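J.: Heads up, here are the entries from TrEMBL:
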type	residues	note
TRANSMEM	31-49	transmembrane segment
DOMAIN	72-344	domain 'NADH:quinone oxidoreductase/Mrp antiporter transmembrane'
TRANSMEM	78-95	transmembrane segment
TRANSMEM	107-133	transmembrane segment
TRANSMEM	145-166	transmembrane segment
TRANSMEM	178-198	transmembrane segment
TRANSMEM	210-228	transmembrane segment
TRANSMEM	235-256	transmembrane segment
TRANSMEM	262-280	transmembrane segment
TRANSMEM	301-321	transmembrane segment
TRANSMEM	341-361	transmembrane segment
TRANSMEM	382-401	transmembrane segment
Amino acid sequence: MIQILILTLFFYFFLKEEAYLIFNWFYCDKASLILNFLNLIILLAFFSMKISSRNYALLILLWLDMALMFTSSSLIQMYIFFELSLVPIFLVIFNSGKQYERLKAGIYLFFFTLTSSLPLLISSIFLLNYLKYFNESSIQLNSKIFLLMFLAFMVKLPIFFVHMWLPKAHVEAPVYGSMVLASLMLKLGGLGLMKVMYFSYKFWMKVNQIFISLFMIGAITAALYCFFQPDLKILIAVSSVSHMTFLFCGLSTFFYESWIGSLLMMACHGFLSPAMFYAANSFYVRVKTRSIYFSKPHFSFYMPMLIFMIYIINFCVPPSLNFFSEIFLSMSLISWSKPMIYSVYAYMILSMLYSIYVFIFSSKHTGHVINPSPLTLSEYKVLIFLVYFSFFSSLMINKFLI
């Protein structure tokens, strides 16, 4: 698998083409290259974490599945790897315990993803006569087929209104499960939407006005909900939903800038969300609560500079990847419709304010403070590693895309 990734890099940087087939099985373009780079970085981060051998084997299997899915050359290939990814993450959640809550989270995960993916399988088989590779041009099919395909990827992303499984899965998963779920598995939905939208251009241009208007309301609602969520892990999960819903709205405009912005946001979210979940777990291990109300006396004892960096990246401070991604997506939405400037402005202001609110509230001292144990060297290494790529990889990726 590592050889495939090396070949991908070789083909792209030395042949200077937009996309190619490798051995007629693996399809390489800019999106798959960036997401496989993210895949490799997350795997390296796991080397500094204490993970049982059983769960580590499951994470390796999931990593291999992600790499194959990101380089899938056909819709059937994508579907197979898309569904196989559920098995390792489900086992990772259950290996941490057999409580009723974990069973409920697993049922939510399977119910939402499998029920939405069965129509994708039917549509994929139907499309075999029309579409061989992802680089085919737009085709004319029944609109119901396209809607069924979009539904599967929208649930996997997930976007607001079909996101109910995500907070439950994050709460019950161990920290490395949350990290891989946020960094890699959600990108399956993003990449799938980008590829399906490519050959359904004519259909999507007829309905995108309805979807963009509806889901911009969802993105703003999710950002607003973060102000009232005391559970730090759920807050991070809902924040991800808000960002991914905004990504979906921007991508639906079909501008080149929206394509760049979507890739940048997926890359930044893939680095930043694992860092946020890892930091939240570091607090939980020491203070035994995820509530920002009860743990706020302890927050200021931990890496205040790193926490500050995580929050400012989350509300798009330059030159972070998040800053460039939201600039490109906002440009696309405003170019598509001038009145969208009000919705975009509301979303960006709320995203910035809840990040500032959580940081200021959690860093506030109270009279009674218990000094907990400091962070370990391995915890510092993982956080610095992920924050570095969230902030400074923008220069490399922007040059690569534009």
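Each Cβ is built from the backbone N, Cα and C atoms, and glycine gets one as well.
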J.: Can you tell me which parts of the same chain pack against the transmembrane segment (210-228), counting only residues 6+ beyond its ends and a CB-CB cutoff under 8 A?
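T.: Sequence-distant neighbours of the transmembrane segment (210-228): 159-161, 163, 235, 238-239, 241-243, 245-246, 248-249, 252-253, 333, 336-337, 340, 343-344, 346-347, 350-351, 353-354, 357-358.
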J.: Take the transmembrane segment (78-95) and find every residue of the same chain, 6 or more past its ends, with a Cβ under 8 Å from one of its Cβ atoms.
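T.: Residues 52, 54-55, 58-59, 61-62, 65-66, 68-69, 72, 102-103, 105-106, 109-110, 113-114, 117, 120-121, 124, 152, 156, 169, 172-174, 176-177, 180-181, 185, 188, 192, 195.
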J.: For the transmembrane segment (178-198), what are the same-chain contacts with Cβ under 8 Å, counting residues 6+ beyond its ends?
T.: 31-32, 35, 38-39, 42, 45-46, 59, 62-63, 66, 69-70, 78, 82, 85, 89, 92, 134, 138, 146, 149-150, 152-158, 169-170, 204, 233, 236-237, 240, 244, 247-248, 251-252, 254, 259, 262, 266, 269-271, 273-274, 277-278, 281
J.: Can you name the far-off residues of the same chain, 6+ from the ends of the transmembrane segment (145-166), with a Cβ under 8 Å from a Cβ of it?
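T.: Answer is 82, 105, 108-109, 111-113, 116-117, 119-120, 122-124, 126-127, 185-186, 188-190, 192-193, 196, 200, 203-204, 215, 218-219, 221-222, 237-238, 240-242, 244-245, 247-248.
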J.: Can we call the transmembrane segment (235-256) and the transmembrane segment (31-49) in contact, meaning three or more C-beta pairs below 8 angstroms at a sequence separation of 6+?
T.: no
